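Colleague: I am attaching a structure below and will ask some questions about it afterwards.
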């Protein structure tokens, strides 16, 4: 039986074992999937022992995505662009492939919810690792342009400069947004986890069709509520579909079988 696990600290809250067990049942794959919680500075020892013991693949979450990025023998283009790895796979020759499926999970969920992204004008709020991990997949999906807004404008600009050869991408602080309209706004910050909001003008929602929050809760997140208060016609969604989507992409990297995510999203949401 092929064995997998998710690495993080803390990790007891992770839904990855549930999601991958459901994927395996759906696709008639026989796997074992568990949790691993190394000490904050113990990732390399733990992951080396993990693969030495015969495990096939791992998911990696906070705070170890950069450690996994450095550990991999080879990186996919999307992992290199993200400068972080959330999926490790031991290939038949023994080498370790590092991948990042976060952006693919977001793109798949946005397309599932609202159709193709081709020609859409996007605003990404925040300029941290969550933002960096999704830019290349979004540009590959042929969005018209991406604008990154961040409290510290220079950090947003650095991120835009990094990807400017891949597509039309601009940046600003929260207080000097360009006077353009956005079709889709994605909150890449974790502000909703404690009921907060990004410190950005509500005018961003004027004429926007969609607002997406990367975080998720049992009820609508504070960002989703805010978007609908500002523009009642806007369609909103949280990041649970992204979570399941990135897991499905990892499952495909390992098993070469692509699970159907909608039934799994429904099951996981009922358990929130």
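Placed from the backbone N, Cα and C atoms, the Cβ positions cover glycine too.
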Colleague: Looking at NADP(+) binding as recorded in Swiss-Prot, which candidate out of 214, 224 goes with 126, 127, 128, 129, 130, 150, 151, 152, 153, 154, 155, 239?
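Modeller: The record-listed residue among the candidates is 214.
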Colleague: Among 2, 45, 73, 102, find me the residue Swiss-Prot lists at the same shikimate site as 14, 15, 16, 61, 86, 216.
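Modeller: Between 2, 45, 73, 102, Swiss-Prot records just one in the shikimate site with 14, 15, 16, 61, 86, 216, namely 102.
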Colleague: Please report the Cα separation of residue 102 (shikimate binding site) and residue 65 (active site, proton acceptor) in Å, rounded to an integer.
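Modeller: A Cα-Cα distance of 11 Å.
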Colleague: Using a 10 Å cut-off on CB atoms, tell me which of the binding-site residues 61, 86 is the least crowded.
Modeller: 61
Colleague: Of all the recorded positions given, namely 14, 15, 65, which is spatially nearest to residue 130 (NADP(+) binding site) at the Cα level?
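Modeller: That would be 65, nearest by Cα distance.
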Colleague: Please find, for 14, 15, 16, 61, 86, 102, 216 as listed binding shikimate, the greatest distance between any two Cα atoms, in Å.
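Modeller: Greatest Cα-Cα span of the listed binding residues: 19 Å.
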Colleague: Should any of the binding-site residues 14, 16, 61, 86, 216 have a Cα within 10 Å of the Cα of residue 239 (NADP(+) binding site), which are they?
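Modeller: Near residue 239 (NADP(+) binding site) by Cα: 216.
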